[in-house]
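Q: Questions regarding the structure given below will be posed in turn.
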């Protein structure tokens with residue numbers, strides 16, 4: 001997919017993918033985090049969220065094949081994410097609506 005490539009994701013970036021399922025985009029983001037082969041565990045990470053439980057299940061199976069320790073999957077409404085016990089500053093908030101993009105392409 002083009003959106004993760006355009007963002008020039010680096011191994012230290014912290015990314016919140018708000019509409020992550022089915023997982024192709026999230027997998028590509030994780031691969032971008034691991035692009036530096038000299039550092040097997042990057043300092044950045046991806047939090048992948050989707051509101052639909054069945055789609056999260058698909059997301060888990062898509063992403064776990066990468067065997068990366070740099071992601072977490074949550075199942076929440078992105079408009080009302082819960083507060084964390086610690087402060088995280090995300091470098092990139094990512095929400096790509098394919099259906100909007102598709103309608104513009106027609």
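For all residues, glycine too, the Cβ spot is worked out from N, Cα and C.
Take a look at what TrEMBL says about it:
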{"type": "DOMAIN", "residues": "1-106", "note": "domain 'SAM-dependent MTase RsmB/NOP-type'"}
{"type": "BINDING", "residues": "19, 20, 21, 22, 23, 24, 25, 50, 77, 102", "note": "S-adenosyl-L-methionine binding site"}
Q: List the residues of the same chain that sit at least 6 positions away from residue 21 (S-adenosyl-L-methionine binding site) in sequence and have their Cβ under 8 Å from its Cβ, in sequence order, or write 'none'.
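A: Those within reach of residue 21 (S-adenosyl-L-methionine binding site), by Cβ under 8 Å and sequence separation of 6 or more, are 50, 52, 55, 56, 58, 59.
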Q: Whose Cβ, among the binding-site residues 19, 25, 77, has more other Cβ atoms within 10 Å than any of the rest?
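A: Selected residue: 25.
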Q: If you draw a 10 Å sphere on the Cβ of residue 23 (S-adenosyl-L-methionine binding site), how many other Cβ atoms land inside?
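A: Within a 10 Å radius of the Cβ of residue 23 (S-adenosyl-L-methionine binding site) lie 24 other Cβ atoms.
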